[in-house]
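To keep things clear, I will list the structure first and then write my remarks on it.
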Amino acid sequence: MAKQKPVLNVAFIGHVDAGKSTTIGRLLYDSGAIDPQVLEKLKREAAEKGKAGFEFAYVMDGLKEERERGVTIDIAHKKFETPKYEITIVDCPGHRDFIKNMITGASQADAAILVVDVNDHKTGIQPQTREHMFLARTLGINQIAVAINKMDTVNYSQEAYEAMKKMLSEQLLKILGYNPDNIDFIPVASYHGDNVVKKSDKMPWYNGPTLVEALDKFNPPEKPTNLPLRIPIQDVYSITGVGTVPVGRVETGILKPGDKVIFEPAGVQGEVKSIEMHHEQISQAEPGDNIGFNVRGVSKKDIKRGDVCGHPDNPPTVAEEFTAQIVVLQHPTVITVGYTPVFHAHTAQVACTFTEILKKLNPATGEVIEENPDFIKAGDAAIIKVRPTKPMVIENVKEIPQLGRFAIRDMGMTIAAGMAIDVKAKNK
Amino acid sequence: MEEDKSKELYMFKKTLQELKSKKGKGTELISLYIPAGRRISDVTQYLREELSQSSNIKSKSTRKNVQSAIEVILQRLKLLKDPLEKGVIIFAGMVPRSGPGTEKMETYVLIPPEPIKTFIYRCDSQFYTEPLEEFLEEKDTYGVILIDRSEATIATVKGKNIQIHKRLTSGVPGKFKAGGQSARRLERLIDDAAHQFMVRVGEHATEVFLPLLEKKQLRGILVGGPGNTKNEFVEGDYLHHELKKIVLDTFDLCYTEEFGIRELLSKAEHLLKDLELMKEREVVQRFFKELIKEDGGLAAYGEKEVLEALIMGAVDTLIVSEDINMVRVKIKCNNCEYTEELNIKKDELPKLEEALKEKTCPQCEGALVIEETKDFIEYLSELCEMSGTKLCIVSRETEEGAQISKAFKGLAAILRFKLHQ
Ligand SMILES: Nc1nc2c(ncn2[C@@H]2O[C@H](COP(=O)(O)OP(=O)(O)OP(=O)(O)O)[C@@H](O)[C@H]2O)c(=O)[nH]1
Ligand SMILES: [Mg+2]
């Protein structure tokens, strides 16, 4: 089946309980993608579970555990059409325990909607609001819009909206290098449907776009079809009667049924039988497509989240060691050789050891301040050498930018961001 | 107290390594473990009998060597006094230096860190060191279970070691909905799979932890992971009832792999503070916190700076990596009073010997020789004793230890006051 509209992957990010899932549920409902009867059923289920008010969130929160606790645990995708785009929505969990899943989701996105609770302006920016935005930036998401949610709880007050907008702009977005003037801040009350799809009549002071309109203002993503094929695997299913179905987003290159493929670092090969996107067969997958593809010759046990699929004549690079440029965002002490935090790149997460700190750089200008420093700390930029503790795929950012970026986490926080600028391959 | 233990342990380990490397020509190396409270005269009696028995040994050289080793031990016993509080361990025997004919009598007398329980007399081609190694082995173990819906890790933390025993993946279906399955059926499938997974994790935990519990080595179990699975696991009937009793706490973590254990350790600091691993972490982190201060705080590193501070009595805590592999060498002149001391890598010793042949005494031009070499850590510990400095010997197995070893060449210090402004 031919695709008419360009595909755009949009991640919904933000602190726990900001209303990401609810906003998505509302978006789907008001645009007719969900049957009112289904919503009625969800509403009853939510009430039974003592989670009244979560019916819209239940649209995305499909797991029993998610529904019982009222938190999103793993990412979920839903297709949705706007006048301009075929949008794949990626609902990310906000709870800090599930941040690794959020990173997987954000790594698949072309753009992001940051959802915040308008009441945060009284208490300050929430920690995962901060961390998610930093990760989004790190993972190369340059287009964002902000949904300032739960406007109903402040009587749709313009003041509260402005205060929230100012706080986010000054204390977060500008610091990360975004220009707030180019970002839409949409006051919404997702639970009630204000300014999500339908323009609200309760906020006459706002004349910007609704959330759906804001989505259509995003630019279509580039399609690096001429780069080698790379599909970071998000999950692998084994479906009776079908076989092994890895799912993930095509980052670069083109995949067609009949292609021979290899998964690294697993090193297993197979042949693509068919490709599906949102339960429909397609004849070719391109960058940005979130697909499930049926592979012959590979079992579910062979591959897992974090592996990358490519063509055997140009397989994904398994790094024995790599050189990277990093910026340390926050760290309570110092970073030295021997330090072994977790690196998140595309859908992979692997502990990596710092083996050398080659240069300390001026974060603003990139000029070298010190050769071979003994340590670096928060605020520093540096060129380092890193050795993964187990095999992982990472690419030189100059060759395949989509797979060259990573975030570093330790002690329950994101401490640094970086990109690989040289990779010593194990498999080439 | 602490730092004494750190040094004692280090010296003990060092001797153990040495002992293990010794090999006799025949079965002629003697190992003797005397339990606490055993009367010395009883032992003397025993050895006398062994001595007369040994006249039956066929090989002449072995007979001679065994007999002289027993004689040496008998001499040593005379120096000891009743009662032996912890007992004593004696090794003696003729050990070849290089080729045949270079044998020399070597004797080691060790006071064990814990009382010895059983009497052992052994005559073999090697020293019998297994009981010694048992002394060194940390007995207190904590069990760790990290679990979420999709995977689990079972590990133990003991002394300075984290050991992963088992990694499991669940195969619990994720959120992706397979076509044709009703939501309810899928839910049941997921619930079933999750239950089966927790049963499996429980079985593996029993397999790993129960034997430790029976040996009275398991101090407790910590359970962690993202979300609610860990609570379901602890509250449900998945763990062996004896193990369930010693679950100390559950922890919210982001990860269930090896680095989840790191996350757990920092969150469970208060429960684990008596673990060697945690003490090491604490000291190194304290050093790092000083280092990060704008003016370098009270941190010092590098051989020259640290030694200078140490000699001045300015060091509060000295951190040294056990793999530093250095020696303190004393050089003297054959002719006059001149002496000189320096610290070098152990493997540079032959090079220094060579170099000395070329060099002469700066005072009288006499020949220079090495008078004494001493293990560098031993040397440092003596300096520490003199200035009341705490000594922390870090292992290379821990991440913090590796950082000290690699980034600071194995030597760092937290100062009492700043030396230079
Ligand atoms: N009053 C009010 N409540 C809202 C609104 N939107 C969401 N909520 C409530 O906020 C709570 C959390 O909503 P979710 O959609 O689950 O939040 P989330 O951001 O997806 O949370 P996580 O996925 O767990 O990070 C629910 O109780 C919702 O009913 C709103 O516009 N107004
Ligand atoms: Mg949610």
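Going from the start of the chain as shown, residues are counted 1 onward.
Yeah, the Cβs are placed from backbone N, Cα and C, and that goes for glycine too.
If you average pLDDT over the domain 'Tr-type G' (A:5-225) in this model, you get 94. Feature annotation from TrEMBL assigns domain 'Tr-type G' to A:5-225.
Around A:Gly14 (GTP binding site), the same-chain residues six or more apart in sequence whose CB sits under 8 Å from its CB are A:Lys20, A:Gly94, A:Leu114, A:Val115, A:Val116, A:Gln126, A:Gln128, A:Thr129, A:His132, listed in sequence order. In the three-state DSSP reading, A:Gly14 (GTP binding site) counts as coil. Summarising the annotation, TrEMBL assigns GTP binding site to A:14-21, A:91-95, A:149-152.
In the three-state DSSP assignment, the secondary structure recorded for A:Ser21 (Mg(2+) binding site) is helix. For A:Ser21 (Mg(2+) binding site), other Cβ atoms within 10 Å of its Cβ number 28. Feature annotation from TrEMBL assigns Mg(2+) binding site to A:Ser21.
Among the binding-site residues A:Asp17, A:Lys20, A:Ser21, A:Cys92, A:Met151, the residues whose Cβ lies under 6 Å from any atom of ligand 1 are, in sequence order, A:Asp17, A:Lys20, A:Ser21.
Calculated from their C-alpha atoms, the gap between A:Cys92 (GTP binding site) and A:Ser21 (Mg(2+) binding site) amounts to 8 Å.
Only A:Lys20, A:Ser21, in sequence order, out of the binding-site residues A:Gly14, A:Asp17, A:Lys20, A:Ser21, A:Cys92 have a CB under 6 Å from ligand 2. For A:His95 (GTP binding site) paired with A:Ser21 (Mg(2+) binding site), the C-alpha to C-alpha distance reads 13 Å. Under the three-state DSSP scheme, A:Met151 (GTP binding site) falls in the helix class. For A:Asp17 (GTP binding site), applying a Cβ distance below 8 Å and a minimum sequence separation of six or more within one chain yields A:Gly70, A:Val71, A:Gly94, A:Asp117. Candidate binding-site residues: A:Lys20, A:His95. Fewest other C-beta atoms within 10 angstroms, A:His95.
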